[in-house]
Amino acid sequence: MRHVTYEQRHKPDIWNRPHISAEAAIMWDHEIRAMASSHSIIAASVFMATVLPAVLVPGFSVYGTHLLWLYSVSAAVAAVSVSVFWLLGISPPTKKHTLGYKLSRLFRSCLYFFLSCLFFHTVVILYGAPLIESALETFSLAVLLTSLTTLRCLCVLGPNVQAWIRVFSRHGAMSVWDTCLQITVAFTLIGAWLGAFPIPLDWDRPWQVWPVSCSLGAMIGYLTGLVVAPAWIHYHRKQLTYKCK
Amino acid sequence: MKGLTVLSLLLWLCAAYFVGIYLFVGGFLLVRLEVNRTSACGDVLQPGAESADFCRGAPRFRRVVVLIIDALKIDFARFDPAKTAPRPYENKLPVLEETVSARPAQSRLYPFRADPPTTTMQRIKGFTTGSLPTFVDVGNNFASSAILEDNLIHQLGQMGKRVVFMGDDTWENLFPKKFYRSLPFPSFNVKDLHTVDNGILQHLYTTMVGDDWDVLVAHFLGVDHCGHRFGPDHPAMADKLTQMDGVIRSVMERLQDDTLLVVMGDHGMTDTGDHGGESQKETDAALFLYSPSAIFPGPPAEDEPDVVPQTDLVPTLALLLGIPIPFSSVGQVLLPLFPPQEQTQGAVRRLSQLEALWINTKQVNRFLETYSSLSSDIPPESLSELKAAFARLSSDYLGSVGAGLPPSPHLASSLQAYLTSVRDTCRATWARFNPAKMAAGLAVLTFACLACFVMSELSAALTEEKRAGLKGPVAAAITIGVAVAAVQLVARGYVEVVWCLAAGAFASEALFLWRAWRLNRPAVLKNGAKVSKLSARRLLAPSLAVPLLRCASLLSDSYVIYEGRVVTFLLLSLALYVPVRLNWDGHLVPLTPDPLKSAGPLPSPALTLAAVRKESSSLIGCLGGLVLCACVSLSFHGCREEQGGCTPSPFLSPLSRLQDSQLKNLYYILSVVSLGVSAYLLRLWLCHYGNLNSSGGTAFAARWVLPLLCVCAGLHWAVSATPEDGFRKLAELIRVAQLALPRAAFALLGLGLGLIWADPLTVFVKTRAAASARSPALAPRYRASTGISPQAELRHLIPQIYQRMRRSLEDGEAGGVEDGRPAVEAYGLGTVYSAPLLLFCGLLGVGLLLLHPEGMALAFLLLLLEMAALLHIHAAAEVDPKWVFSVAWTPVVLWSLAASQFFHSTGHLPTFPSIQWGAAFVGFPDGHSGTVLPACLVTLNTFASHILFAVGCPLLLFWPLVREVRGGRGVKGHGEEGEDAVMEMRLREKPQQFSAALLQLSTRYVFILGAQVFSSVCAAAILRRHLMVWKVFAPKLLFEASGFVVSCCFLLIGVTLVLRVDVAVGRWFKRLIPDASR
């Protein structure tokens, strides 16, 4: 199934790269550059999503009206990621070009998005978040995590859980974008995990309130991932080989 | 199998750890015995005088107002008009200096030196009992914080004085129901500067104006809280001190002539506003004395004390108010407050300086005699010196008073000198950290951790070596220890065992490490670059990062307070990492067969897709179970007082306290059902693996003792939950049952454990008729026993193993004689090691459950399930095809985290008030005569989860074998025979690796626990001046250390049981095959 996907790409020559040749290296640079610029666009959207409401909405602050910030950032990241990946043509091409198939794909994507929100919500609760009180906050965090991680999976791999699971294995990455996906998702989740650490401290800071530290951690982790991914790929481009078919 | 080597290495390791802990705790925690005797008026007979009651005399003051301003440092009280730009805390209490200079005969300001630990609770104890409280005041009041020692408040109450208290609610806990009237205000919230103070101010003046009080104690907390929150150098402190200045002024205005005003700080503060330690900034508070009538002879004389020790307030106040000095006081009267000899004659008889000193001396001497007869922690030579001094003084004084002569002028000063030396002796014994011992303990512990790590890495080499490996270190320990003892004996005349132990342990560890290094060097040289270094990358691996985080979390009071949740969080993180890691390595999801890359990342070609999928789904299922167990277990937590807004689990209170009978029945049924389910699951497992077929002691224990024990427990709960007055007719029966049922359960437990120990083999051997054995498919016929389906038998009974061994033995002599193969089946051989261990755990678990409140049965069921889930995850995650029994770090870390998690989930907390004292009365409802048995019961109750996880630790080694996951992995090389279920018999095939792996597993477990102890020791050492040291870190250290000791003991028991099984299995084989060498 996978090789079908890759053969039908619009620019198949970029993707078929059994050996790194001089020609391929140029392609590499091209791809890395594309990645870096798309990442900077996403980062800029995060920045704008923080700054614009601060200008437009009176009384807006990241801590005070945290949920507002959270949703504005989530929406911005979601919109920008989807459009950037669509424009770049990273999104896996569809098998059939019928409208019905496309619609069903869209529907499945939305369903997966929602299921992923529920999944993150459950995981966060299992990690010790309160079950009933502040459920809205917990769910908002789940939405943020979903739009930072699952949405990217949806964009890069399509609504295909099998492929998602496979990407997160040592030999699972099949393109630079898969490696990039691995890095950003790992950074985001580790960031959110680390964000839970200051909560028990008795410092009484506004960012210790649930879920501010976790969502900030996830956001910082995500931004770090955006920076690290192209850099890492750039410095390891000699070692990276992708099994492609 | 080198059982003795493994055991001796472990023992040596534990001993090294214990010495380190003992040294540190000995230097850190100072223990004092509480003397529960009280002074009475009759004790204070005045010399020479007729036997008039001391208390009948009119006291110097009828009333006293004590204003305690928490953390009123002496610097705050001084006033220096020369300062033009005072700091926020300077010159804010001008009233004190004004009064002292304007009315020198009525007032004094002294520096008031507290004894460490300078925390409020200890200080209140100090200036009411006159003693030097230590962290552990050994007495019988562990359960409550009330002061049982003789104290001022008690004496005032005895004399009928009406004590009115307002302020810090610590007093209310220390002196419950001792006050005539009490207005406590919550003191816990350090952020709150005003609640307590404003509360006092609302009532202080109205109370003072009224006449229904004799002693008024007001404890202000604002200054202290301000220090903690902002530090002294902050405008808020200036406001607070100015407010206090106003308070003192208004109180002074309202004083009457027969009233004494005492304004004092209980301790000082550092420049950051903290206290608790022993620096001068923390110990030096202010003491201000004032009376509207003249008390002092004049302006401060030359011979007045520069500094007043805090203990001195007690005898002074007592004698001024005409009450006996509290029994355990070691203070010394403040002489300037008493008239010299000449002024004694007056209308009101006042104690002269000399008389006061004499009363004081007699009381101190009496205390010293009583204390030294009870405890021997005061050095004998100083004790005898003090006794001699007292004898001399007493004869001098009595002689001069008896003869009516004016006493010699030196007598007063020598009495003072005597009192000072008593106090100094006591202080040296009780109130000082011993940094040398603490440092030595830390060093020994560091080296023990290092040795433990080295041992776990070199376990193979260490078990291969001859037993001489340990002879050197032990010999070194003894030699150095004896040498140090001899040097001490020569130089000082007596031996301090602690230092001998320290030197011995240190030498032994050093020698061991050196030898280990030598042992390791050839290996390093051989392997060249492959040296396993502790690089940053390895440290970041979650299996090591999580214990690191855990250890780091012990250094912060917030994390210690929320330890239960923190541990669960870390456990879940590490557990969720396991499948992620497996997926990363490509073991979780079956990769689609790739024609281009045949070898690739596939675990083994033999693995079928379905098998991998099944394993993975079972792994995910177990993970789900683990996560659920962990989450549900959060609802069994108790509450620390520091946790605001927390309600303790309803399961923690015993059933007998529940009022609602319907709820009671529900809880009871829930408890009994979970107990039954636990027992049933255990039995099912044993049955499944064919261990119940045998007729030995262990099978008997499983078949009869375990169910009986559960029945006993259930009945005991029922009996203890019956309401007191519910069945009046059956009262006698209930009483007997309350006594007999738990005792019967203990006896059964002992019987079961003894049986397992005596006969641990759970193998049932069945000899078949030889001819009929040659059935075509090599599948022997099975005897259907205890209701096992033949399918289960086919899968799990291990008949072929014996045949295989036999054939390989006989191949040489009787080759080709196929029919000569004996037809013997051995049921339960595959789980011969784990079955007794598991049963041991189960029995122990039910026994420990009996010591808990009934509701904890659910928590114990969760513990069992989580143990199983952890073992399954561990077994499923073990995918290395070249695996030789060694257990990786991750499962060991998970295991130790689960032990801590269930310590909290069985309702325990690392604080003294949370100890479940009820455990001591299970089976002994009328109390005990000794102290050993209740202490044991309470220890067993407190560390139940540590015990179960420590005993069960070797299961980690057996489980991958029991599960035989990944379809006979590891036995591929054996060809056709490899299809046999070999299970734990593989351990017998490779005894060398078995002992190495057992040693490695136990040392890894000890290392993780030891690292936690080390970290809490570090926390106590580094943060010994922290605000929370006596509330959080010191109790945590004690619990961690005792948990470690208990865990080590039970780990040793578990390992010994495994070795015992090994010996039994060896004997069994010998009996079956007499010519077999092993």
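Just so you know, the numbers here start at 1 and follow the chain as drawn.
For all residues, glycine too, the Cβ spot is worked out from N, Cα and C.
Taken verbatim from TrEMBL:
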- B:7-31: transmembrane segment (TRANSMEM)
- B:438-462: transmembrane segment (TRANSMEM)
- B:474-491: transmembrane segment (TRANSMEM)
- B:497-517: transmembrane segment (TRANSMEM)
- B:666-686: transmembrane segment (TRANSMEM)
- B:698-719: transmembrane segment (TRANSMEM)
- B:740-758: transmembrane segment (TRANSMEM)
- B:832-851: transmembrane segment (TRANSMEM)
- B:858-877: transmembrane segment (TRANSMEM)
- B:943-962: transmembrane segment (TRANSMEM)
- B:1005-1023: transmembrane segment (TRANSMEM)
- B:1043-1061: transmembrane segment (TRANSMEM)
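Below 8 A, the CB atoms of the transmembrane segment (B:698-719) and the transmembrane segment (B:832-851) form 3+ pairs separated by six or more positions in the chain. Only residues 6 or more beyond the boundaries of the transmembrane segment (B:1005-1023), in the same chain, are considered here, and those with a CB under 8 A from a CB of the stretch are 10, 13-14, 17, 21, 24, 28, 438, 441-442, 445-446, 448-449, 452-453, 456, 547, 550-552, 554-555, 892-893, 895-896, 900, 950, 953, 1029, 1033-1034, 1036-1037, 1040-1041, 1043-1044, 1047-1048, 1051. Against the transmembrane segment (B:943-962), stretch B:858-877 has more CB pairs under 8 A than any other of B:7-31, B:497-517, B:858-877. Ranked by the number of CB pairs under 8 Å to the transmembrane segment (B:740-758), the listed stretches B:474-491, B:497-517, B:832-851, B:858-877, B:1043-1061 are led by B:832-851. In this chain, the transmembrane segment (B:1043-1061) does not touch the transmembrane segment (B:438-462); fewer than three CB pairs sit within less than 8 A of each other, excluding pairs fewer than 6 residues apart. The recorded stretches the transmembrane segment (B:858-877) and the transmembrane segment (B:666-686) share 3+ CB pairs below 8 A when only pairs 6 or more apart in sequence are counted, and are therefore in contact.
Between the transmembrane segment (B:1043-1061) and the transmembrane segment (B:497-517), the number of CB pairs under 8 angstroms, six or more residues apart, is fewer than three, so the stretches are not in contact.
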